[in-house]
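*Asks:* Sharing a structure with you now.
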Amino acid sequence: MSQQVIIFDTTLRDGEQALQASLSVKEKLQIALALERMGVDVMEVGFPVSSPGDFESVQTIARTIKNSRVCALARCVEKDIDVAAESLKVAEAFRIHTFIATSPMHIATKLRSTLDEVIERAIYMVKRARNYTDDVEFSCEDAGRTPIADLARVVEAAINAGATTINIPDTVGYTMPFEYANIISGLYDRVPNIDKAIISVHTHDDLGIAVGNALAAVHAGARQVEGAMNGIGERAGNCALEEVIMAIKVRKDIMNVHTNINHHEIWRTSQTVSQICNMPIPANKAIVGTGAFAHSSGIHQDGVLKNRENYEIMTPESIGLNQVQLNLTSRSGRAAVKHRMEEMGYQESDYNLDHLYDAFLKLADKKGQVFDYDLEALAFINKQQEEPEHFRLDYFNVQSGSSDIATASIKLVCGDEIKTEAANGNGPVDAIYQAINRVTDYNIELVKYGLSAKGHGKDALGQVDIVVDYNGRRFHGVGLATDIVESSAKAMVHVLNNIWRAAEVEKELQRKAQNKENNKETV
């Protein structure tokens, strides 16, 4: 009977560190719910001590998630562990993940300490974490460059202190697969109490072998793999979880292990992470790239037509990618739209049917037929923009030509006021952004502008993703329409609402902090 490999997702912690703009609490929760649907065993959702915002997002996710274990990161520092526990205590089940560096380089130059002191600190902090939960993970940072004898000493001590999972990370993506496998098997040979903990691996893709390293470690005995969806993360990224999951499934003949992942949710979860994080998936990306199941060679096409297994080691359907696209029209009713969403795997809680159907009718009137990919794009946008809006685009008009200066006029709803403005710009998009900036008086700098087609052909929806800098913080906005100028305007209005909401959250956090101080003074 095969053993289970625990899937530990760190998209919302290690993965988020690679993003140009921080995610809102709502966006993080959206990803967490997608990961829960996919069936991840553990999700690491933040570093609570780092900021009040991160604390709030961890707490919100911990309160909401019911079927996955929620985890938070903490250094081997008392305050880190205490704050992590405070943010997680509302969860059905939670884990505290604490870490300290173990390689000679990190100990000498970063910690300015000794191995004995590191071991002593690790023991104390694992025991402290165990006061809050019986599920404690301990990581030996830079384990890939730690001598095996030193590593074995740390691991044995951490297990004796109460760690239930021991993580052996290749922090800088330096280790080769055969070396990594030797580290794992070496620990099994050297650590007498290793049977009392689950051995985990966390790999980075600096040399392009994060997935290979993780699989080699599993083959050598590791029973937890840490990574992020689509491989997002610092530098070259983390181990791509969807690749590990499908490799274990497809090559079960030699891996002799399994995961409890619902692999039919992989495609949708991957798309959710890509869209919310504003990180497009390369067409040739394994498992989830648009070309992953494409065949252009005549020989390959002929072979696939005769038998798909000639050139496909897995099917698109196995990851939840439905290649049969059905279309709806403006004559399709709400029930038809709801039924199609259910067929694509969406639950009622994933979208607001009233808002989705209104957007569907507007799109159907414009382009006639609405396909599955249109519905998915509309559902995503409506989910992103379902929160109360302070700003709303009421009207816009743009005049532009090859020999004319682009001019835009807008009418923007700002709370209880309606404001109008006009401006010139270097093209229609710049003109409309200049007009919006005049209305709001926000000092916004556009950092990134991206346009992608959602669908096929000349009537495809155009999705605009932008990143702006406002007062030293990055914010992401997204807009969707058949007209790219309209998409661009909607993306900027989405950014304005995100900035406004962030300010409101900051005010609320300050209010709570002040109330806490007032209560202390009263006591």
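Cβ coordinates come from backbone N, Cα and C, glycine included.
Feature list, courtesy of Swiss-Prot:
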BINDING   Asp14, His202, His204, Asn238  Mn(2+) binding site
DOMAIN    5-267  domain 'Pyruvate carboxyltransferase'
REGION    392-523  region 'Regulatory domain'
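Help me see these features in their spatial surroundings.
*Replies:* Annotation note: His204 (Mn(2+) binding site) sits in a strand segment as assigned by DSSP.
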*Asks:* Compute the mean position of the Cβ atoms of Asp14, His202, His204, Asn238, which form the recorded Mn(2+) site, and then list in sequence order the other residues of that chain whose Cβ is within 8 Å of it.
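*Replies:* For the Mn(2+) site, the extra neighbours are Thr10, Pro169, Thr171, Thr203, Ala210, Glu226, Gly227, Ala228, Gly233, Glu234, Gly237, Cys239.
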*Asks:* What kind of secondary structure is Asn238 (Mn(2+) binding site) part of, going by DSSP in three states?
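*Replies:* Reduced to three states, the DSSP call for Asn238 (Mn(2+) binding site) is strand.
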*Asks:* Under 8 Å Cβ-Cβ from Asp14 (Mn(2+) binding site), six or more apart in the same chain: what's there?
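*Replies:* Counting only residues 6 or more apart in sequence, the Cβ neighbours of Asp14 (Mn(2+) binding site) under 8 Å are Glu44, Ala228, Gly233, Glu234, Asn238.
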